[in-house]
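Colleague: Can you keep this structure in mind? I'll have questions shortly.
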Amino acid sequence: MQPLRSLCGRALVALIFACGVAGVQSEERGFPPAGATPPALRTGEIVAPPTKTFWPRGSNASLPRSSSPPQMPKGGRMAGPPARTLTPPPCEGPIEIKDTFKYINTVVSCLVFVLGIIGNSTLLRIIYKNKCMRNGPNILIASLALGDLLHIIIDIPINVYKLLAEDWPFGVEMCKLVPFIQKASVGITVLSLCALSIDRYRAVASWSRIKGIGVPKWTAVEIVLIWVVSVVLAVPEALGFDMITTDYKGNRLRICLLHPTQKTAFMQFYKTAKDWWLFSFYFCLPLAITAFFYTLMTCEMLRKKSGMQIALNDHLKQRREVAKTVFCLVLVFALCWLPLHLSRILKLTLYDQNDSNRCELLSFLLVLDYIGINMASLNSCINPIALYLVSKRFKNCFKSCLCCWCQSFEEKQSLEEKQSCLKFKANDHGYDNFRSSNKYSSS
């Protein structure tokens, strides 16, 4: 009996040790937790996609916790009774991403890369070449497309490589640059959508503001502010992300992640509150601003509908089309980023490391998170497609530009530009007559 008990004891110790090693390895190559993730965000979850994960509740650590014994105080005795910690039961198997999701993520990323470069570069070319497309809303859309293009060119290829190679060979500089560009791109998207919603309300509320050709000074100031604020808000990503080195199965792996031990109190607070900050500013803010100003715009249009003349019908139709286009862009943004933010919030609110059913929840959240990553990446290429489907003017310009890319854009669009410019002038003349008649009638 004694040899049998000794053998069972050794087997039990070996099993516990194996589970501990598996947990440490899983944590070392784990899924970026609350503080190490954004929505790209356009964010750290795409910088270091996981193959295995271990999520401690309320922790932002991605490194194994220290297993050293507690320090002995002076005198050789502990200050109190030894603390007893309840270790949660280990999962039956590692929570990991299967190869199927890797292939799906790679295919989606390649599609986003190709469609995003073609769509956003074509959109920028249309607005740059076509003089009648150079107005306030379209310049904001061009700013949004430029931010998406930077994210697509720099971030997506590196993210695909990181997922397949499970190593970070690009150095510390790229480890800081990739999440910085990704977060700046998301900030440009969010603030541009907010500016577009406000611009549409101003266009409807002030009927004397006729849409013309060229970039208004206020729009130029808005674009500069959007880029400056987006870059400033992305600076904590560059400061917080770092590259660590760890040994795994005899191999030396380099991992890029939001470091679990930050140097300053501000960065420690940022790491702790990052998911809630991303959800509130980068997701809820554009939706709230769009809902508020579009409600005001609808009330304004219903109130002033009786005072419109037939001469302004074409002008109002153009404004309604632009308003519909902006609303479509905001809706696409919400649909693309909802799964990723939902997985983060569910992880923060529902996960409990002492729950016996936490392994099933981890598997669900990991799948939901990867779906969210792919959906968020899709937002970088879907805006030109949405403009093509919603706006007739953009649809005609896309057809002409894509079908005749090697030909001179001015030669193909000269007649359409002249007709559009004459149409604007006619609308302006009709509106001036309408204002003059109202002025004399009121007098």
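Residue numbering: from 1, along the chain as shown.
Backbone N, Cα and C define each Cβ position, glycine as well.
The model shown is predicted, which means the values in this text are computed figures rather than measured ones.
The feature compositional bias 'Polar residues' is assigned by Swiss-Prot to 59-69. Marked as disulfide bond by Swiss-Prot: Cys175-Cys256. Look at Swiss-Prot and you will find Cys403, Cys404, Cys406 tagged as S-palmitoyl cysteine, backed by sequence analysis. Under the heading phosphotyrosine, Swiss-Prot lists Tyr440. The topological domain 'Extracellular' annotation in Swiss-Prot covers 27-102, 165-176, 245-272, 352-363. Residues or ranges marked as transmembrane segment in Swiss-Prot: 103-127, 139-164, 177-198, 220-244, 273-297, 326-351, 364-390.
Can you walk me through where each of these features ends up in the structure?
Modeller: Summarising the environment of Cys256 (disulfide bond), the number of other Cβ atoms within 10 Å of its Cβ, over all protein chains shown, is 26.
On its own chain, Cys403 (S-palmitoyl cysteine) has no residue at least 6 apart in sequence with a Cβ closer than 8 Å to its own Cβ. Under the three-state DSSP scheme, Cys403 (S-palmitoyl cysteine) falls in the helix class.
Averaged over the topological domain 'Extracellular' (27-102), the predicted model reaches a pLDDT of 44.
Taking H, G and I as helix, E and B as strand and the rest as coil, DSSP gives the topological domain 'Extracellular' (352-363) the counts 6 helix, 0 strand, 6 coil.
Outside the transmembrane segment (103-127) by six or more residues, the chain places 49, 133-134, 138-139, 141-142, 145-146, 148-149, 152-153, 156-157, 159-160, 163-164, 370, 373-374, 377-378, 380-381, 383-385, 387, 394, 397-398, 401-402, 409 with a CB less than 8 A from a CB of the stretch.
Residues 40, 42, 46-49, 102, 105-106, 109-110, 112-113, 116-117, 120-121, 123-124, 127-128, 170, 174, 177-178, 181-182, 184-185, 188-189, 192-193, 195-196, 199, 215, 219-220, 222-223, 226-227, 230, 256, 329, 377, 379-381, 383-384, 387 of the same chain lie 6 or more positions beyond the ends of the transmembrane segment (139-164) yet place their CB under 8 Å from a CB of it.
Same-chain neighbours of the transmembrane segment (177-198): 38-44, 46-47, 137, 140-141, 143-144, 146-148, 150-151, 154-155, 158-159, 170, 222, 225-227, 229-231, 233-235, 237-238, 241, 256, 258, 281-282, 285-286, 289-290, 293-294, 326, 329-330, 333, 379-380, counting only residues six or more beyond its ends whose CB sits under 8 Å from a CB of the stretch.
Within the chain carrying the transmembrane segment (326-351), a Cβ under 8 angstroms from the stretch's Cβ atoms is held by residues 34, 37-39, 41, 45, 55, 57, 137, 141, 144, 189-190, 193, 196-197, 200, 275-276, 278-279, 282-283, 286-287, 290, 294, 358, 361-362, 365, 368-369, 371-373, 375-376, 378-379, 382-383, 386-387, 389-390, all 6 or more beyond its ends.
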Colleague: Can you check what DSSP calls Cys256 (disulfide bond), collapsed to helix, strand or coil?
Modeller: strand
Colleague: Report, as numbers and ranges, which residues of the same chain sit near the transmembrane segment (220-244): CB under 8 Å and 6 or more residues beyond its ends.
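Modeller: Sequence-remote neighbours of the transmembrane segment (220-244) are 43-44, 47, 63, 139-140, 143, 147, 168, 171-172, 175-177, 179-185, 187-188, 191-192, 195, 254-259, 262, 266-267, 270-271, 281.
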Colleague: Write out how many residues of the topological domain 'Extracellular' (165-176) are helix, how many strand and how many coil, based on DSSP.
Modeller: 7 helix, 0 strand, 5 coil
Colleague: For Cys175 (disulfide bond), what is the tally of other C-beta atoms lying within 10 angstroms of its C-beta?
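Modeller: For Cys175 (disulfide bond), the 10 Å Cβ neighbour count is 24.
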